[in-house]
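Colleague: Next up is a structure, given as structure tokens.
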Amino acid sequence: MSDIEKVDTAASRQSAQSRRLDVSQSVTRVYSAPHIDNQSAFYVTDGNEGGEDGENLDRTAPSYTNQDDSSSQQDLENGNQVPELQKAQTAKSQRSERDPKLIAWKGNDDPENPKNWSMKKRWAAVFVVSCYTLISPVSSSMLAPALPSIAKDLNIHNEIELEMTLSIFVLAYAIGPLFFGPLSEIYGRAIVLQLANVIYLVFNIACGGSAPLSIGGGVMSDCFRAEERGKAMAIYSLAPLLGPAIGPIAGGFISENTTWRWIFYATSIADGFIQVVGLLLLQETYGPVLLQRKAKKLRKDTGDSEWHTEFDNPQRSITKTLSLSLRRPFILITTQPIVQALSVFMAYIYGLMYLMLASFPDLFTSPEYYGESVGIGGLNYISLGVGFFLGAQITARLNDRIYKKLSARNNGVGQPEYRTPLLFLGSFLIPVGLFIYGWTAQYKVHWIAPNIGAAIFCVGAIMSFQCIQVYLVDTYTRYAASALAAAVLLRSLAGFGFPLFAPYMFKALHYGWGNSLMAFVAIGIGCPAPLLLWKYGAKLRLQALSSVVGALDNGLAITPQLGWNTWNSFACSLNETVILNAAKRIVALGFKDLGYEYVVLDDCWSAGRNSSGYLVPDTAKFPNGIDGLAEKIHDMGLKIGIYSSAGTLTCARYAGSLGYEEKDAELWASWGIDYLKYDNCYNQGEEGTPKLSYDRYNAMGQALNKTGRPILYSMCNWGSDGPWNFASTIANSWRTSGDLLNTWDRVDANCPCADLDGLDCKMPGFRCSVLNVLNKAVYYVSKAFPGAWNDLDMLQVGNGGLQDDEAVAHMSLWAAFKSPLLMTNVMTSIDAPTLSILQNPAVLAISQDPAGSSVSRIWRNWAADGSEIQLFSGSLTGGDQVVVLLNGGSKTREMNATLEDIFWQSGVEGTASQVQQAWDVYDLWANRLDNATANAIINGTATTASSRFNATARGGAKHVYAQVPASSDKWLMGSKVSSVQPRGTVRANVPAHGVALLRLRAKQTNDEL
């Protein structure tokens, strides 16, 4: 290898940091050519619309009108409507004008919209909801000072039974929000709040009182715009913080001067008054319910059943909503290490809080300690309220500032771990407060001392609570509510249980050592938690999200998806006949049995939106509708996919889904759709930072999730804003670059990819060659895992632009990189070479290996003639290793790879144990179907490739790929071509623009070969 000049060092083997592309050109116009090479969307110009490229794109733009006079087709980009295609619009008033029977807000200043109510009316809602929120924590803590009186009057001698009267309130907190939150989104805020308050009034326990905890924030959102919401939220959130302080104070004076029974009478009277105020002042604030009521009234008054709102959903089911809400928290708490660890920590703190709450009466009213009256003793609870208030204010002011500062240091990309700095402080203050509280109480220091300790503890507790909650939200964005519900469940159970053992502990250990014991446990749990999260949080999140995306949500794409897409071959010429013919060939030729299961309709299937805002298929192309087509596809044992864009229009200028996410997701689910490809065209400038892209794509992810139907979600945002850093919580796969050009290494005029080391292919509309895309993907292979894959774009095999060896290399590399494999060739005219490449079970076994581990680039070298060679290596299930030797040059060459290099990731400088083993080397292309056999399969005169390795008999292709193949299985292992001694070298002759795709299997012994 003397002709090779090595340019990579060991450092080059490490993943490079993503570099943002500095583009000085302006995106002046959105073009929508038929994307001959793929689904490109944006064309970057120097500011001039003229020029050869711009004119060419305009000329080839598809037409959407059947009129002879093409001038009647108006340019949608200028905001004009096409006669046969209704432009997607987000303003509800505009939709209402087109649909006279659609009930919507009359513009942004509609006085019936709660956000436009008078300030007096809106603050009345804040006041009432705050009262609802206050009464619950007041009631839960009001009994604490009266526990001795209750024990005496009711002859309670068992300490556990006595403490149960206090802690039973908290047990109900774990139950109520699981029901009331979903109910408020079905029936509205006001009715659920008032119903819950009546439940509280009747039973005077906290289950009803827990409703405001999950609904109150929704009322604030309903009534105030973002720029107005801060003050309202501050006042609203003050109520639950003051509750634990006000309750014991009032309870102490009531029980001292009357009887403890008046605590219940007083809370019932207060709640009855609040109920009356609520009935008078609290009006429904939830927009969808208000509009639906208006539509219902119009239907009744006019007898016209056509009046409707955009929120009407005949498929909505309370059973379905509650089922999803109830199941997911339990799944999270039993499967997610992040949720388990943080929930236990939060539960411990919450338990300590109620333990302290329960200990105050004995401490401050006992003659042995401070001997205060019950009423005066209750005033000590003010310290808890002060601590809660200070902790909330500190966290609210500093948490986001710290997060933004750390994100700025990371090129604007935030991480949940950036929430942990304040957790350090909170975790420190908790034991400090406990030590001060316990030992000052033990030695009867002035009463202010234990109150200071209690306040410090509460500051730390609230800081820790809020940091943990935000960390869970950042980690489980798509499942944040469920993650928090799981945490609240454990937290409330701890708040219920801790006070039950408090009397026994303090009797045995007294306040000093009793609180010290709790403090030591807090140190053991809490102090390492921020450090471990900071250091290992990302790794734990990766494991957690793998389970969430792959198993918890939809169970899809556990291995990269296989299928066929219409775009590259048919563009806007797709129709039902084209798709059904392709599906029939996929089945007949054995592709289905090999695992190719998705048939995906790309752009141009829609005719726009109807008067109700729902997408409508083009009936000229799909006379039986998409649902009718889906039924036929399903009858063949296949699954169907559909296309849209996270913009107002798709790339071919059909109606996009931006602003219609839930409506479109519900519609697709009702059609039986199994797969969504979601593009990035006409996104209204909502990109440029990871958060903008995240929010836009997350909206569709949440909408798909709400349908309850497993729909594989394939993001196609061209690598914009680094989806590999955030998309694993949103989608099953995400595009990593611009569109794949149907060429091996030619640089497209639209793609500044001449620097193959760079990450310049990420901009939209850039059409990049196989090598261009590949050399970009190497930098973030570690970001993918089962259920969440880097998508290098659809296959170009069989589309005429690649030579045979190039197509083989393309297929091999995409499989080894664990990219989804979507064929795009014309299935009805497939030729023998194309079939033999796409139907190689040994290569598909690499793609579908259950370990889900992508190859990594080990080295990249340059020959004297300027051509490049590369080595890729990755692990497989069962201890095998996949090796790819890539020859980018124009002539065949012998390439070598040492075992030290192949197993470099397992141990540098030859320290990996695998280097000490002997290996058999299998060529995965050795048993590729010859042209005669492939032609016989195409003509129906020979059995399919899948039948040849008994996929059906062994339970289907996916089941076969999940097994470790036997060494003698020539279809899954290829052919053994050599063996390698310990510390030896793998050698292969690699064709020009080609690869050697090898599978290494350890020999049973290290005997001399």
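Cβ atoms are placed via backbone N, Cα and C, with glycine included.
What TrEMBL shows for this protein is this:
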type: COMPBIAS; residues: 11-29; note: compositional bias 'Polar residues'
type: COMPBIAS; residues: 62-93; note: compositional bias 'Polar residues'
type: COMPBIAS; residues: 94-110; note: compositional bias 'Basic and acidic residues'
type: DOMAIN; residues: 868-929; note: domain 'Alpha galactosidase C-terminal'
type: REGION; residues: 1-110; note: region 'Disordered'
type: TRANSMEM; residues: 123-144; note: transmembrane segment
type: TRANSMEM; residues: 164-183; note: transmembrane segment
type: TRANSMEM; residues: 195-215; note: transmembrane segment
type: TRANSMEM; residues: 330-358; note: transmembrane segment
type: TRANSMEM; residues: 378-399; note: transmembrane segment
type: TRANSMEM; residues: 420-440; note: transmembrane segment
type: TRANSMEM; residues: 452-472; note: transmembrane segment
type: TRANSMEM; residues: 479-501; note: transmembrane segment
type: TRANSMEM; residues: 513-534; note: transmembrane segment
Colleague: Residues sitting near the transmembrane segment (420-440): Cβ under 8 Å, six or more positions beyond its termini, same chain?
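Modeller: Result: 349, 352, 356, 387, 391, 394-395, 398-399, 402, 406, 449-450, 452-464, 466-468, 471, 511-516, 518-520, 522-523, 526-527, 529-530, 533-534, 537.
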Colleague: Cβ under 8 Å to the transmembrane segment (513-534), counting only same-chain residues 6 or more beyond its ends: which ones?
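Modeller: Contacts of the transmembrane segment (513-534) (Cβ under 8 Å, skipping residues fewer than 6 from its ends): 341-342, 344-345, 348-349, 352, 355, 417, 420-421, 423-424, 426-428, 430-431, 434-435, 437-439, 441-442, 464, 471, 505-506, 540.
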Colleague: What does DSSP give as the helix, strand and coil breakdown of the domain 'Alpha galactosidase C-terminal' (868-929)?
Modeller: 17 helix, 26 strand, 19 coil
Colleague: Average the per-residue pLDDT over the domain 'Alpha galactosidase C-terminal' (868-929) and send me the rounded value.
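Modeller: The average pLDDT of the model in the domain 'Alpha galactosidase C-terminal' (868-929) works out to 89.
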